[in-house]
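Engineer: Handing you a structure now.
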Amino acid sequence: MKRSAFFISDGTGITAETLGQSLLAQFENITFNKFTRPYIDSVEKARAMVQQINNAADKDDVRPIIFDTIVNQDIREILATSNGFMIDIFSTFLAPLEQELSSHSSYSVGKSHSIGHNSNYMERIEAVNFALDNDDGARTHYYDKADIILVGVSRCGKTPTCLYMAMQFGIRAANYPLTEDDMERLQLPPALKQHREKLFGLTIDPDRLTAIRHERKPNSRYSSYAQCEFEVREVESLFRRENIPNINSTHFSVEEISAKVLVEKGVERRFK
């Protein structure tokens, strides 16, 4: 079964898309054609949006699912004339909150993602720069400033996890790829020993690692199953020997890996 889904906002669309994606992910038996439409902030754009929704309804022969965070009442009323199933995120959650808090909400566009009034903005940028500067073991002499250091074989998900933690939570995350030389020594590299309390390991199923590496360097020793299986086995042995907490990243998203890492290490998010 296939349905169209629209994430519509008069701002960036981040809130509508994030919540909408999370809800749709619960329906694994349905394939969704997803469309994000930010900055629908005028009557003209709203009318054009209605036409897009109606076209999708005609094409699919079933009404699309609409997630919106539209603040302007006139625009919301126009969208409501479409042949879509509307889920007004703000109204759904703000009305009961207003009642509970005995206060009216501001209904401001882009409030949650404002840069000018967000004291976390510079901290976020600094964390991202730190993750980039300390990617792939590039600058180990700055590890004393890291909140956490991810270790594991090449291509097991360290870099995207570090960047996600930096972007979302302001975490200063570095990562270090364990190589064959490190495995042959049967101990942690010198650069990591003095920061043992910050280490967290990522491992991965060998067949998944083989597929990922094959996309980068096909038909090479680096991407062979034998090499991947050897590296994973040796790194997992090192984790056990050095008592490094770790998780298998194979079946988890970057968001899930990040959350598990922070909980396991007890690292507090700089902002939420």
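Here the Cβ of each residue, glycine as well, is placed from N, Cα and C on the backbone.
Residues or ranges marked as ADP binding site by Swiss-Prot on the basis of sequence analysis: GLY152, VAL153, SER154, ARG155, CYS156, GLY157, LYS158, THR159.
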Engineer: Suppose the ADP site is GLY152, VAL153, SER154, ARG155, CYS156, GLY157, LYS158, THR159. Which further residues of the same chain have a Cβ inside 8 angstroms of that site's Cβ centroid?
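Structural biologist: Residues close to the ADP site, other than GLY152, VAL153, SER154, ARG155, CYS156, GLY157, LYS158, THR159: ASN175, PRO177, LEU202, ILE204, SER249.
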Engineer: Please state whether DSSP places SER154 (ADP binding site) in a helix, a strand or coil.
Structural biologist: coil
Engineer: Within 10 Å of each Cβ, count the other Cβ atoms and name the one among the binding-site residues ARG155, LYS158 with the highest count.
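Structural biologist: The residue with the most neighbouring Cβ atoms within 10 Å is LYS158.
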Engineer: Would you mind pulling the DSSP three-state label for THR159 (ADP binding site)?
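Structural biologist: Where THR159 (ADP binding site) sits, the three-state DSSP reduction gives helix.
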